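What follows is a short report on a single structure.
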Amino acid sequence: MPVITLPDGSQRHYDHPVSPMDVALDIGPGLAKATIAGRVNGELVDASDLIENDATLAIITAKDEEGLEIIRHSCAHLLGHAIKQLWPHTKMAIGPVVDNGFYYDVDLDRTLTQEDVEALEKRMHELAEKNYDVIKKKVSWHDARETFVKRGETYKVAILDENIAHDDKPGLYHHEEYVDMCRGPHVPNMRFCHHFKLMKTAGAYWRGDSNNKMLQRIYGTAWADKKALNAYLQRLEEAAKRDHRKIGKQLDLYHMQEEAPGMVFWHNDGWTIFRELEVFVRSKLKEYQYQEVKGPFMMDRVLWEKTGHWDNYKDAMFTTSSENREYCIKPMNCPGHVQIFNQGLKSYRDLPLRMAEFGSCHRNEPSGALHGLMRVRGFTQDDAHIFCTEEQIRDEVNACIRMVYDMYSTFGFEKIVVKLSTRPDKRIGSDEMWDRAEADLAVALEENNIPFEYQLGEGAFYGPKIEFTLYDCLDRAWQCGTVQLDFSLPSRLSASYVGEDNERKVPVMIHRAILGSMERFIGILTEEFAGFFPTWLAPVQVVVMNITDSQSEYVNELTQKLQNAGIRVKADLRNEKIGFKIREHTLRRVPYMLVCGDKEVEAGKVAVRTRRGKDLGSLDVNDVIEKLQQEIRSRSLQQLEE
């Protein structure tokens with residue numbers, strides 16, 4: 001009979017099989033009431049599942065990350081329960097958990113309207129408030145199939161036929177009269193599923209195949225309590241205000257159009273931000289001793305066959321033909337950098353060789369996945385590749401890590417999650433090589449006092465990698481930086497150097513990206529700053545305004561002086577009220593507005609106002625210029641007097 005070992009090391013002895021709920025009740029009624037599921041020997045199980053042998057057990061509650069995921073999964077079943085009551089002929093497909101919520105794909109003979117979604121959410125609340133028990137039954141494959149055939153659930157039958165072994169015992173979850181199929185676990189009672197909201201609908205092909213029927217996907221969010229739900233909805237509201245697509249239009253940064261899907265038309269102000277970002281990256285390339293190169297954006301298909309990209313990536317590559325040759329528009333820069341490395345004989349004395357490029361890349365992303373600047377088809381990578389010896393890996397990775405944190409801190413990103421992906425089952429190279437490579441990455445992180453977590457088996461077949469995910473002011477995750485070791489591509493493309501022993505050797509290649517896609521990073525910055533770019537990045541840094549025509553000459557002189565000082569400035573001499581001008585430029589998020597009236601002209605000064613509405617008073621012109629230059633030069637995130 002089972003001996004149950006709890007997380008604190010204490011043990012409970014039973015003379016009969018017990019469930020996690022039984023053990024929780026044995027510990028106390030409060031814990032039993034909070035129990036959602038159990039983790040038995042490291043595996044999540046339903047609260048009602050029996051434990052027959054000695055085992056470790058952790059009780060899962062809504063406070064646990066797994067508990068919240070289970071709540072969300074059960075809310076998907078609740079959605080199914082409600083939709084079958086409102087529209088009984090609906091056929092249910094799949095209803096998984098996603099970030100912050102869940103969705104269900106349904107086959108319905110009507111297009112759901114906003115009113116339908118509101119009615120569906122209302123019915124879900126009515127059902128959840130009944131606090132009914134969710135009953136799990138393990139049945140044979142044949143019984144499960146018969147159940148869904150009788151109910152007309154053709155998609156569930158297809159899942160059984162195509163994805164579940166005949167000797168398996170699927171779990172059927174009974175929500176009163178509604179039955180769904182799932183591996184589970186699920187909540188034991190619907191009292192855990194009170195805090196949710198349906199968010200939107202979208203189209204989705206069955207099994208993601210455009211040859212199949214288009215279903216309707218209903219998205220929802222679910223949380224453990226009302227406070228967490230409201231906080232999430234507030235974050236979404238704030239995110240909508242910060243949407244880079246909306247701000248990009250307001251500030252006239254860029255546009256996109258149907259004739260060039262996923263391609264950016266940069267307007268003057270947006271391109272100014274892009275170029276300033278390039279200047280910043282170039283300053284770091286110089287500091288960390290990179291050479292900058294530029295490769296062709298199109299190369300013969302034969303080269304991509306050698307690299308392995310054609311076999312593994314061709315669906316995402318654009319191609320074109322000329323003079324009976326097929327060319328691929330590059331989706332990445334690395335093969336081109338190896339071609340540059342291969343020009344001329346290289347010695348071990350030439351290594352490490354650090355090669356960077358603002359590479360114009362194109363990938364044939366599905367049209368439905370395109371999203372403003374965040375997901376595009378044409379983009380610019382701040383890409384670099386380091387050619388080095390195995391002995392140099394640790395030092396080079398160390399420098400890459402310092403560069404990543406150096407650059408992210410400039411933008412105020414402080415929360416960065418780091419993951420180290422290790423060897424997959426299918427890989428090249430010896431175990432000794434992988435041991436050393438993984439150790440080099442881990443030690444480099446440790447030497448920089450950077451906490452990280454392992455992603456076991458998630459590395460590429462050609463080498464382990466470090467991923468850097470930064471979190472913005474809304475606590476959204478953006479995976480931007482990578483440091484990837486590559487033991488394959490240099491060999492495939494015949495890269496070599498002459499070692500100290502006069503023998504030819506293959507260099508190790510380190511792929512390094514920090515911002516990732518320049519376009520995407522500008523989208524991230526637009527939302528992070530809500531369009532209030534720090535002065536050094538702002539397209540227009542200063543606007544000089546007159547109050548009446550009598551100050552026009554002074555405004556022009558001051559504007560010229562600011563331009564000569566390297567400041568991006570505009571003069572606004574329109575015959576409008578000064579309050580109107582200030583409001584307009586405040587909405588344009590111009591960092592500084594300099595107002596010139598008769599008093600300022602007479603004193604040789606200027607009234608300084610920030611876009612946040614702070615009046616800095618009447619200041620000496622040369623002092624203002626000096627302070628602005630210092631703020632811009634230091635790439636400060638703070639404005640004057642902040």
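Even glycines carry a Cβ here, placed using N, Cα and C.
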Which candidate from Cys328, Cys334, Cys473 does Swiss-Prot annotate alongside His385, His511 at the Zn(2+) binding site?
Cys334
Would you mind pulling the DSSP three-state label for Cys334 (Zn(2+) binding site)?
helix
When you average the Cβ positions of Cys334, His385, His511 for the Zn(2+) site, which other residues in that chain have a Cβ within 8 Å of that mean position?
Met332, Asn333, His337, Asp383, Ala384, Gln484, Asp486, Leu489, Met509, Ile510, Arg512
For the binding-site residues His385, His511, work out the Cβ neighbour count at 10 Å and name the residue with the minimum.
His511
Tell me, how many other CB atoms lie within 10 A of the CB of Cys334 (Zn(2+) binding site), whichever protein chain they belong to?
24
For His385 (Zn(2+) binding site), what is the secondary structure state per DSSP, taken as helix, strand or coil?
strand
Helix, strand, coil: count each for the residues of the domain 'TGS' (1-61), based on DSSP.
14 helix, 22 strand, 25 coil
